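Visitor: Pasting a structure here, questions to come.
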């Protein structure tokens, strides 16, 4: 058998040659070693290319060797590698998601612990107010509403706290309630509640302030932000010269004794503009004109006095200069007398 016939058989049917070689090899094994081996088959794989088919070497009894290309191909390794890479990526993503969730849970726990350890504003305010005597401490009040969490406490904080010259502390709440604390009192027990009410009986522009009690001397003075009311004893009536004037941007208010229509313990305070009638305005204009004329007369007197002093100063200077002039004239005459005989010789 030549190489051309083997190659033609290989081109015709590779499968038939393989089956024949396998059957011949089986016959050699079962023939009790009486018949010599027909062919010796050895399989060798070519590693030149990735994924190339294996080559079978068939040795005939005559000593010829035939290269037969196998039909069965080796599995492609890239398929397994791609699947492995895919599984690794998915596992990494799952791990990152789990780690992110665990970190988020840890951060939320830490934040809750920090918030629970943080001191409340009421505690800070109570510590600050405990240093100053007479400042009322803010008490915590638990809210009874269903929607409010139990850890949240509500309190009524005054909008502003003022201290008078006598040492009293005045707290004005948002609802218009005024609380007065004496210097010797401690906490909320020394506070006096005042309620601002409006009435139609007083003239427009007036503000009514009602207070519960009075101090030992019977006089109370404090400032109310917004209306700027100055409250004093209800039995006293202030004259225009004793009008309570507030400093800064706070206007002046005059306190009048309560009328019969007002209840006991109510003081009416009105601004000066609302109390002026046309007659009072005319009197005020006359008073201002007289005051201006008086100031002009005083200024004219001062100007005349200064002019007289200036004239006297000038007269004294003229007298001094006249004396000096006379002395100079006498000296000049003496010099002339001394120099005249020398010129004659």
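In case you wondered, yes, glycine gets a Cβ from its N, Cα and C as well.
Pulled these from Swiss-Prot:
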- 88-147: domain 'KID' (DOMAIN)
- 286-345: domain 'bZIP' (DOMAIN)
- 102: phosphoserine (MOD_RES)
- 129: phosphoserine (MOD_RES)
- 271: phosphoserine (MOD_RES)
- 274: phosphoserine (MOD_RES)
- 277: phosphoserine (MOD_RES)
- 287-312: region 'Basic motif' (REGION)
- 314-335: region 'Leucine-zipper' (REGION)
Visitor: On the 0 to 100 scale, where does the mean pLDDT of the region 'Basic motif' (287-312) fall?
Guide: 95
Visitor: Secondary structure at residue 102 (phosphoserine) (DSSP, helix/strand/coil)?
Guide: helix
Visitor: Enter the number of other CB atoms within 10 angstroms of the CB of residue 277 (phosphoserine).
Guide: 8
Visitor: Quick one: what's DSSP say for residue 277 (phosphoserine), helix, strand or coil?
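Guide: Its secondary structure by DSSP: coil.
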Visitor: Excluding near sequence neighbours, so keeping only residues 6 or more apart in the same chain, what lies with its CB under 8 A of residue 102 (phosphoserine)?
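Guide: For residue 102 (phosphoserine), no residue qualifies.
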Visitor: Which residue counts does DSSP yield for the region 'Leucine-zipper' (314-335) in the helix, strand and coil classes, in that order?
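Guide: Output for the region 'Leucine-zipper' (314-335) reads 22 helix, 0 strand, 0 coil.
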Visitor: Taking helix as H, G and I and strand as E and B in DSSP, count the residues of the region 'Basic motif' (287-312) in helix, strand and coil.
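Guide: Across the region 'Basic motif' (287-312), DSSP assigns the residues as follows: 26 helix, 0 strand, 0 coil.
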